[in-house]
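Record features (TrEMBL):
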type: REGION; residues: 30-49; note: region 'Disordered'
type: TRANSMEM; residues: 90-108; note: transmembrane segment
type: TRANSMEM; residues: 142-163; note: transmembrane segment
type: TRANSMEM; residues: 184-204; note: transmembrane segment
type: TRANSMEM; residues: 263-285; note: transmembrane segment
type: TRANSMEM; residues: 433-452; note: transmembrane segment
type: TRANSMEM; residues: 473-490; note: transmembrane segment
type: TRANSMEM; residues: 585-602; note: transmembrane segment
type: TRANSMEM; residues: 614-630; note: transmembrane segment
type: TRANSMEM; residues: 735-754; note: transmembrane segment
type: TRANSMEM; residues: 945-967; note: transmembrane segment
type: TRANSMEM; residues: 1003-1023; note: transmembrane segment
type: TRANSMEM; residues: 1043-1062; note: transmembrane segment
């Protein structure tokens, strides 16, 4: 039957068919309250039937969130993952970059830009997919390759449509488009998803049963998308005004799409099988049976889906629908049963049929067809009276007896299965729980006899255990599986028995699958090449178990603790598919049991007990830590599988710490989100783990407990035999870097309260400087102790300066300029001493052995140059940090001054209303004012006037060092200036060094430096081309060098007007005539076209860009001014 909201409104001919207005509703309620439940059709209240039907066709649109995201994610998320795997790194990089840009645009509240950014990301990703994937080489036919490319593009388009439905502004501005996109998704996703899922499955397991894979996926997606669904964007109140029936206009799919889905379900798997097996499809009875099965199994599934309204587009009459289900279902059932006998039963299980032909065909058909007919009749609700119950019981007895005879059950004990069938039928007809348990007892005896009769005497070992042991586990598991449904029907006081049975069954299933899947190499008697337990069986049992747990929980048959344990056990089995470890199932189960309680045991937010107490949070965090440490061998094996070699102790410990932190995220996020220290500690734990992973510091043996597995991996000699002996590099300095980074994070998260204690601030800054200084000295400058002292002093000065600039004290403003002066003075001293110390140490120690004198000098010069380059990079980073800190502090001071000024203005204007200000708020303001440090804004203005000058000196020195590094490392790259010039944005307004420089001129240093650098390097390039090292001038008048110099210098001069005008405009921001930049712009064209020097061409292009930018900005300012006027 159809769902209640989709039932036809029979026997309600006078109920209005449209969403009426409030007056109509009130009049209708009055009429019914007056005792007239069947009003006359001539009543004035129902005279507007035509208008009502017209309003029904134009159902109202309601902007709302897309309600089917989970349903779409089931299909489109795995499809997207498969496409990313096919496309490879180019597609992933393109999509990641595009989505990052879209996210930034969305964060700036530019919604339409984010929308188009997502679509452009998908378009460019698809273009990258076409160029990077191997579609055209994987398929032998261009037609198949084209169809595959079209399928990928269609799926990408559907993903874009799905993302588009998440933008609320599209719903508001274009409601008709949103409805069309929703219908497009539900109409097209079943085709694309079933095809891509089949493609992925074929890639994994082969082509032999591809048609059945396609049939299965088609059935799944037909159930998800073709059963009638109400639109997310139609008014949900319409069903209240139509006798409980949802109008057809409120459904997502129309009859046309539903008909196409049905045709696809019925015929596409069959056509795919014919196309791929056309040469052998009539070669045998089994091949012919495949044709019938691929049509009639989907046909039976279609009839099953019709009970949920899938055939609403054919008829809504229940009697007609029941006739279609019964008649067509009977025919399809007979065909499917006969084909399954040929294709499956006699083909694969013929050895267990103990009856000779032709009696075996008769008994097998009776068993299968009778059982299927009885199950179908019960599912359709046809067992409703005494006669049908009697027929159902007789059929169950006959089927049970026939099945027992087929498998060779002794004739003497034949009443046993007959009685079992009788009790099973009585349970279904009378709902008698004792009858079901009687069936369980008799059925268990039959299963035990079958297993012992066929397998008990075989002396075979499989998966590390004898066949007898496996038979015992199978019998126990089957008995539990038969008992649990009866236990679930017991009163709620006895539901703990159901929970115990389910947990025991899950444990047995995990044990059996773990043995067969992870011990698959231990087979005997010719089983070495057979796959005893395929991967898809693990997936099937896992998802069936999770679905059963969810259903029992929804029916309140099991409690929250049982749901938690069962979910962890079934989910842990998936670890077998990723890691080939014999203990991965149990380790994963322990880890999941430790991690998931915040998600599964405390879900009921309506109760106060659903939130963890503090002691519970600590307990769960401790259990998580112990569980991760208990699972360290599994983590070790996973890292070894990923890296191809045994991981170091630091890497293993880092991953364990990260796992601990991530496992505690649900505890903090769901139960202690209001506790700020918990969040800070979690950040520190995860950061510690990441640092251990990146730096992999040495760990003393006494700190680690190595299991036998880890010891065996450490003792392997493969690394030495393959890679040779590698001298270990001292790794202890990495501990200093870890300490420095953790101290920084602790200070940022206020775990260390340096903001409020000056003494702690001093110790903190010195400790940071010492740690970083020693790390840099030992890691990059391994020469003299005196040089180490200078580097450590430099880092200590830097740390003290940055910390006390960010958190100043009463006396720090007087000391910080001297600290910065010491920092600047240490730069040339350290730079010069680096070369001298290194040269003396190398030449004095004979560090190059038997090299000649010239070679030694050359090698020494190279070593000194490399060390000095490293030192320049270090000081560039230091001065950059100082400049950034000063710029940030000055901006904060200006913002606080502006806030203080506006606060004074508001207080003056609001004095008359001060009496109405709440006393509690006044107390809070007084308390806040009293807690402010003695270092106020006014004092900073008086004593901190050195900050702009210090920031400017640091900025200029950082820029100069970067220019030197650019010349030394890249030979003066043209592109580098565009990345280095923005450093000058850190310049500040200063009366000593940069007079007249303000916020309005902040972009002037960037543009003038770019222009000047390119001009100077262009002149140098011209000089370098014409100067050949002659002692004299060496430039012949009228020669080629003279012509080259004159031509390129003239072209260089032609670029000056545009650059001069633009830099003047950036300095003053005063509007000039619109024609001036346009007149100078053509002067740059000869420089772009006919020059021989690349830098001159770049200057010409910049001149054109500058002229256009100046014209457009001036024009925009002019238009804005007119609008303001």
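Positions of Cβ are set from backbone N, Cα and C atoms, glycine also.
Through the fold, the transmembrane segment (614-630) approaches residues 587, 590-591, 593-595, 597-598, 656, 659-660, 663-664, 667, 671-672, 678 of its own chain, all at least 6 residues removed from its boundaries and within a Cβ separation under 8 Å. Long-range contacts of the transmembrane segment (1043-1062) within its own chain (CB-CB distance under 8 A, at least 6 residues past either end) are made by residues 1007, 1011, 1015, 1018-1019, 1022, 1025-1026, 1035, 1072, 1076-1077, 1080-1081, 1083-1084, 1086-1087, 1090-1093, 1096, 1099-1100, 1102-1104, 1106-1107, 1109-1110. Residues 404, 407, 409, 416-417, 419-420, 423-424, 426-427, 471, 474-475, 478-479, 482-483, 485-486, 489-490 of the same chain lie 6+ residues outside the transmembrane segment (433-452) yet bring a C-beta within less than 8 angstroms of a C-beta in it. Long-range contacts of the transmembrane segment (263-285) within its own chain (CB-CB distance under 8 A, at least 6 residues past either end) are made by residues 190-191, 207, 210-212, 214-215, 218-219, 222, 226, 291, 294-295, 298-299, 301-302, 342. Under 8 Å from some Cβ of the transmembrane segment (473-490) lie the Cβ atoms of residues 433, 436-437, 439-440, 443-444, 447-448, 451, 497-498, 501-502, 504-505, 508-509, 511-512, 552, 557, all in the same chain and six or more residues away from its ends.
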